[in-house]
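Q: Okay, these came from TrEMBL:
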type     : residues  : note
DOMAIN   : B:146-209 : domain 'CBS'
DOMAIN   : B:211-267 : domain 'CBS'
TRANSMEM : B:294-315 : transmembrane segment
TRANSMEM : B:321-340 : transmembrane segment
TRANSMEM : B:370-389 : transmembrane segment
TRANSMEM : B:395-421 : transmembrane segment
TRANSMEM : B:442-459 : transmembrane segment
Protein chains: 2
Amino acid sequence: MPRFSREHSLEYTQLKKNLRKWLRKRDYKSILKFLTKLHPADISELIDNLPEDEEKAQLFSLLDLETASDVMADLSEGSRRAILKDITHDHLTDIVKDLPSDEAADILGVLPKERVERILAAIPPQDSAEVKSLLKYHKETAGGLMQAEVWALPANMTVEDAIEQLRTLAQETEEEFHNIFVINGEKKLLGTVSINKLILSSPEKKLSELMEKPKGVIFVDEDQEEVARKFQKYNLVSAPVVDHNGVLLGRITIDDIVDVIEEETSEDFYRLAGTDVEEIVYGDNIGKIARIRLPWLLTNLFGGLLTGYLMWLFKHTITDAIALIAFIPVITGMGGNLGLQSSTISVRGLAIGKITLHNFKHHLFKEIKVALVVATVCGSTVGIIAFLWHKQPTLGLMVGLAMFCAMSMAVLMGTIMPILLRKLGVDPAVASGPFVTTANDITGILIYMTIATLLLNYLRG
Amino acid sequence: MPRFSREHSLEYTQLKKNLRKWLRKRDYKSILKFLTKLHPADISELIDNLPEDEEKAQLFSLLDLETASDVMADLSEGSRRAILKDITHDHLTDIVKDLPSDEAADILGVLPKERVERILAAIPPQDSAEVKSLLKYHKETAGGLMQAEVWALPANMTVEDAIEQLRTLAQETEEEFHNIFVINGEKKLLGTVSINKLILSSPEKKLSELMEKPKGVIFVDEDQEEVARKFQKYNLVSAPVVDHNGVLLGRITIDDIVDVIEEETSEDFYRLAGTDVEEIVYGDNIGKIARIRLPWLLTNLFGGLLTGYLMWLFKHTITDAIALIAFIPVITGMGGNLGLQSSTISVRGLAIGKITLHNFKHHLFKEIKVALVVATVCGSTVGIIAFLWHKQPTLGLMVGLAMFCAMSMAVLMGTIMPILLRKLGVDPAVASGPFVTTANDITGILIYMTIATLLLNYLRG
């Protein structure tokens, strides 16, 4: 219990502050005294939060083998790369030996081929076969997420024998298994029996009598985002992974899924902001981060210049009626804001499956209705302000009308663009953020300046 | 297995299309034939996707009691409200009786007090006591998430007796329990034993010999976001909830946490876009949705007018050197884009615990270094373009310098604002999106126009 008490957490913050000092001074005694009190997940977090790669590797090298394996499995990709750069062959081999197959494959996946082969040759053949089989799947599919270790037993086995078998299997692993999978002679998945049910059934029953249809079955080539959605929808804790012949290949557990959800969500956030989640991997490499952001920024720079060029084309309108300039920012800005709302709601709706290609029209109509209401309120407000400020009814009318049109256009673009991208197979999140804002600037200026030029004679009057 | 096959999913889409038609025609035979093939989670999804409240209630009324309970537990808040409006007292009482305590409390939590009391009076006293105890906790705390049903057994019980007890307890519930909690005579939590371990231990052992320190203990008043972070960090599947005396009150399982993560993330997305996740609850109520969005939009409308007013103040500078207007959108826009990147990264970093008040300075310096690189590249690019376009070296220099300053300011604001808000106890997500963009428009214009006015003599020359 003390692990989570608030007093502990205060003391913890104090000790955390000393960590970098101790590392600099190589005061390993103090560090080890601090670390022994911690959960491996806390140690992973500490390493992730250390700013320098050398510090990460230094702290990691102090851990005993079992803790090192647990910590390695939990580290962020950036920290992992930092540590793998320095680690010795033997140390890494020991860690890989200690990890479940999915974690081992994740780690080997980022290493050069030659190093992978040396490590695989040094671990027990069965482990190495499991890891090898996982390495062939794409990282972002079910195959990349699953672990090869499963508790699979034949359908004609009795409860008594099954429990006996589990006693042996449980010796080999620290992990928790909540289900056993029931298979036939060809390793095809027939059903699943929860450990709960097994424990509560009479010993002579056969597994085939107890087994149920699994709540969710995952195909090995399914995209991880789809897998995560199944887990959420069907409240799964673990699910079997099969190939297209129904042969059991492994299992995926909910803790991997929580990580996938976080990863996919971060990806959406970063893309909405016009950058990429890759940034996280590069940690403090300023050059790499700048190189990720620059293409987005430069594209928008040309978008901005295009908007400016349009204003330049209308320069006579502007100098003839200078009052116009005071409303440029508010018209383009409000289009941008409303467009960002619409596109974010579309992107998020698509991501969590609330909006589909099927119910999209309903969503679009809703957005249009909302847009008509808010564009009327905002248009009238700005129109009245423009009239009161410059004492020109035409100016007021015109500014209000332009804002109404710009905001309506923005909602259309913001709502439709993400769906269109999804149809084209592009991640909808890239549509939001900067691009929607820039696109709305351009249409906003065009609408405003066109209306102004048409009404110029009345404006001067 | 067939539940997830791809063929099924094609047929499913076809049938889904017919659903609204059947509802209109009251062709309940076709609907029931379709529904019997579905998982409750699929039915919840169908109801959530129906646009009209009446359709939702109509479809729900066709379900048998057991399915209705499962579906009710899974529905979105909006659909749930739609159904609760129409449902009869007896039907609702039966459903509440069938649900685990946390789901029951969630449903009763949105009903008027008088209706809640009538229902609680009609269900078995033990259930009603459990639900009542949950109703007193705030919805977004551990108490609001937990269920009161736990498998808690005394420390001096033997494995054999424990398994015997579980056989009885298991009759009362369909749910899966992966752990039993070990308590003393005062109901204080002493430890936990996994069902796996129980099954594999010799029958005469005492629970006190088997029990382990729980990997995570949750306090009943902890915020749900904090609870979710503990589940993620420590890879928990379920965790006990205790009061501050250590007395066991209930348990939280990972499937509730996955929902919390989705909810909190949606909240951040909506706030980034300058609206609120409440929108989801209101479904198709256009008036309510408009009322949620308008305060944000109107605040930014005045921000936009302020930007315009600043341009108006500098109108002589602009008319004297009309070439200036062509660069207004790109300078304010690029500040806005980079500011959005910085603030989104800060907001997300704070949300997933990657950025803390403790390591914030390091993050700020990194952002500043990135900003210097990208602002230099963008500033030089736009400066060269301005020079080539208008053949004025001073204009090029000035535009480039203004963009460099505006972008650097934007990064400072975008990075610091979320942290500042977190310190003040406000959700950092409100800082991003529209507000950062508007704030950057204002500083961008001020920087550009001030530099332009200072250099006006050279510009005309």
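Cβ from N, Cα, C; glycine included.
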Q: Sequence gap of 6 or more, Cβ distance under 8 Å, 3 or more pairs: do the transmembrane segment (B:395-421) and the transmembrane segment (B:294-315) meet that?
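A: The transmembrane segment (B:294-315) and the transmembrane segment (B:395-421): touching, no.
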Q: Can you tell me which parts of the same chain pack against the transmembrane segment (B:321-340), counting only residues 6+ beyond its ends and a CB-CB cutoff under 8 A?
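A: Hits for the transmembrane segment (B:321-340): 307, 311, 371, 374-375, 378, 382, 386, 389-390, 392, 395, 399, 402-403, 406-407, 409-411, 413-414, 432-433, 436-437, 439-441, 443-445, 447-448, 452, 456, 459-460.
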Q: In the same chain, which residue numbers or ranges, 6 or more beyond the ends of the transmembrane segment (B:294-315), come under 8 angstroms Cβ to Cβ?
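A: Residues 274-275, 328, 332, 434-435, 437-439, 441-442, 445-446, 449, 452-453 contact the transmembrane segment (B:294-315) from elsewhere in the chain.
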Q: By a Cβ-Cβ criterion of under 8 Å, what residues six or more beyond either terminus of the transmembrane segment (B:370-389) are in contact with it?
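A: Sequence-distant neighbours of the transmembrane segment (B:370-389): 326-327, 330-331, 334, 338, 342, 395-397, 399-401, 403-404, 407-408, 410-412.
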Q: Just to be sure I understand, if DSSP states are collapsed into helix, strand and coil, how many residues of the domain 'CBS' (B:146-209) fall in each?
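A: Within the domain 'CBS' (B:146-209) the tally stands at 22 helix, 18 strand, 24 coil.
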Q: Within the domain 'CBS' (B:211-267), how many residues are helix, strand or coil going by DSSP?
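A: Taking each residue of the domain 'CBS' (B:211-267) in turn, the totals are 24 helix, 16 strand, 17 coil.
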Q: Within the domain 'CBS' (B:211-267), what mean pLDDT does the predicted structure show?
A: 89
